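Trainee: Not my notes, these are from TrEMBL:
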type	residues	note
DOMAIN	B:247-372	domain 'SSD'
TRANSMEM	B:222-240	transmembrane segment
TRANSMEM	B:247-266	transmembrane segment
TRANSMEM	B:278-299	transmembrane segment
TRANSMEM	B:319-338	transmembrane segment
TRANSMEM	B:350-373	transmembrane segment
TRANSMEM	B:401-419	transmembrane segment
TRANSMEM	B:603-622	transmembrane segment
TRANSMEM	B:629-649	transmembrane segment
TRANSMEM	B:655-676	transmembrane segment
TRANSMEM	B:704-724	transmembrane segment
TRANSMEM	B:730-756	transmembrane segment
């Protein structure tokens, strides 16, 4: 009798825990993405400077300098303002973007030479950003809804042991069929991303180097290196001057104030 | 040494058979490494300056290898809802082609337009777009006013358009990559043609051309080699009337080809269009050795000598002439190592090895086979020497007319030689039976040619392409290039900037001009680049530093000379109008346009060296410096005459022909060797005067020379049937030259000898057994 009772108890426990233990790779991947987002949430606003170094196969180099301000949005993509400093002929050009996880972003560009703000209506996020190997979609904020996920395996990486997770873009205008991300299990930082083009062949690899922690919580890499395997070009993004919670608000991310962005 | 060899061969034929079999199989196994490299770049050596320039341009901008789907609707109108949707689907599918990095069609053309201060960037034909008549009219209007599309992607008449796919092959395994791309491309072609009866899709572009090199050559080998074997078998059966002899000859030829190709495989060579013709050439050249050995053997057997002794006699008599002619032929082919184009070096080396293998086999394997196989001959007298005798009589009696007559004829032909034009149009490397050629011809007739020139213009400063002065000159240049009579299309940055300037001013047509402010142009480009999708960016026109721009001109199919003169005009335009900018003109067509000239220059030293070596060899073999010098004339004249005659037949000399002189030198020498050695034998050993010696020479080798020449001419004429024009022309001119060589040896050399060799020759103490049979 006692034995039977124990057996039923065990059976019940097994049945209950079954679904939890048998988490699908898709669920696991989503769970990791949620954790990434969760850990990085709450920085409110930030600004930083970015130096881009572009290289082609022939070894020629070219440099771009921009500043980025971002405003965190709950339940939507972030708002961001990009101010171009170099090359000199685009100095003062400012780009405002309200990103959305699923619909096309709202985008405005202020052209100082024309002294006008132009709204850009385009679904395209997959083209090269300033002629670099980064697509605009590689630089925009990470939102859970942008992808569906699949956990692949654990693998050691620069950040210790990493989850290897495949991310499938929901946006059909994305330039990729999938991204494979290496995320460390300790801090949930992304160390490496491989990008697979529309025919599912490896296009680019992005590596993150020199992670630093801000506000005792938010990790940002000093260096992002993108290598395009198909055309042999590469781009380095060097970040500096990270500042968080500097008091930016909606009025700093406004079409009408774009002209005055400095 | 050689006596010992012959004895062994005849005593232990089974052993020799086994040894040859083992060695041949070992060599042949290397053939598994022999793969076809489908890439036009193989025609250029690594140090070729045009290739170096082109590669550097390709590294700065993006590569421009492409596949063009030429999509032709059944009703001759591309502006129907069904067809536009179809183009959209093909465009989407084309992105799935391996290594594709860019797809351009009217469907995914990034149309930009303005609505007040909004700038809209979208596919010209978007998904789910309603295509009512007014939308169709709008699309047609946009295509017909957009210089980027018109005459390149879509025709003015609107009956045909392209889906152009740029592929960037990693070149890690070019042997596999091209077929991989082509397989997918054809899958798409077949699918849409099957689903849409009446729709036609033709395939052109650099990738399809690369693929045609392989397919054309392999198809050739599948048809031409069997034909050639047929010709050999038939010729031998008819002229020598022997089954065993024919069978043995076929074995020798097959073993020589298999071993030579196998060794090429072991050495790590790739197959290419030209080197794929090596089997046909070895086949042709290997026959002669066997014919010489067989005919002497039969001659002896007819006189009643038993097979074994007849064979031994034949080997003794033929060993030296066969070796000598094999060595001279090999030297001729080895002269191709001086070629600037690696495939011809490979061809020369493979054939040289094949010829030497054929020699080795014909003095070992061949007699061993003949020992084992039954050989019977009827004891008859040869009757057919009559025509050689009457030819000899004709030549000796008419020598005073023949010498000046032939001299004039030869000089006349040679006078045409310099009038040949150099031309390498790689589209015309393929005859009209090749689908790539058909597609490209169609494209040329209905849309644009395949001749392209990439013009990279370096402003010399970072971001310098935005300088209004630079843009203005670029604009003027683009207009100038567009106005040239041979131009079909010009792709230039200034068109994009003019359109953006218009878009930025609310689509006001009066702003369809270049921005006059550096910042404005830079900011337009920044905006435009940010709104383009993956693959349709400007990186194929601008370098990373935005200091250089690439203009691509598409022209009607031009000859090399026309293209080089166009290149000069482009360079002159910049020298006159914009000397401050660095300009480079490159592209596959230009590379081919320069290659023949380079190759002919490099081949000249090869021919000179081969000539010196062969003449030394001849002087040594004939044991006479004087006759060595006299032999130069009949050895050199045929190639020069051949090219002279070529002017009257075709007049265009390309890469394939640039190696013919060196190649034929080693072959035509054989006739001279045989004729002169018999002549000298008669003079020295039979105390004959020059007239009698000529008659003797005709009588003893006239028939053999005629048969071997017949086989050689047949062989190279079979090669002339190739669908790969490079090989076809090479085969034809070689056949022509060999035929001319025989005419010269029969009609010019004898009168020359009779006129200039009047002195009595001292009978040498030692017999010049060297080259007698």
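Glycine too: its Cβ is placed from the backbone N, Cα and C atoms.
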Trainee: Pairs 6 or more apart in sequence, C-beta under 8 angstroms, 3 or more of them: is that satisfied by the transmembrane segment (B:629-649) and the transmembrane segment (B:278-299)?
Mentor: no
Trainee: Can you tell me the mean pLDDT for the domain 'SSD' (B:247-372)?
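Mentor: Across the residues of the domain 'SSD' (B:247-372) the model's pLDDT averages 89 on the 0 to 100 scale.
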Trainee: Short question: which residues 6 or more past the ends of the transmembrane segment (B:704-724) have a Cβ under 8 Å from it?
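Mentor: The answer is 213, 216-217, 219-220, 224, 227-228, 231-232, 235, 239, 273, 277, 280-281, 283-285, 287-288, 291-292, 295, 388, 429-431, 433-434, 667, 670-671, 674-675, 730-732, 734-735, 738-739, 741-742, 745.
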Trainee: Tell me whether the transmembrane segment (B:319-338) sits in contact with the transmembrane segment (B:655-676), defined here as at least 3 Cβ pairs under 8 Å among residues 6 or more apart in sequence.
Mentor: yes
Trainee: With CB pairs under 8 Å as the measure, which of the listed stretches B:222-240, B:350-373, B:401-419, B:655-676, B:730-756 comes out on top against the transmembrane segment (B:278-299)?
Mentor: B:350-373
Trainee: Using DSSP, what is the helix/strand/coil residue split across the domain 'SSD' (B:247-372)?
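Mentor: So the domain 'SSD' (B:247-372) is made up of 110 helix, 1 strand, 15 coil.
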Trainee: Report, as numbers and ranges, which residues of the same chain sit near the transmembrane segment (B:350-373): CB under 8 Å and 6 or more residues beyond its ends.
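Mentor: Cβ under 8 Å, 6 or more out: 5-6, 9-10, 13-14, 16-17, 20, 244-245, 247-249, 251-253, 255-257, 259-261, 263-264, 269, 275, 278, 281-282, 285-286, 289-290, 293, 297, 307-308, 311, 315, 319, 322-323, 326-327, 329-331, 333-334.
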Trainee: How about long-range neighbours of the transmembrane segment (B:222-240): same chain, 6 or more residues beyond its ends, C-beta under 8 Å?
Mentor: 246, 249-250, 253, 279-280, 283-284, 287, 291, 294-295, 298, 707, 710-711, 714-715, 718-719, 721-722
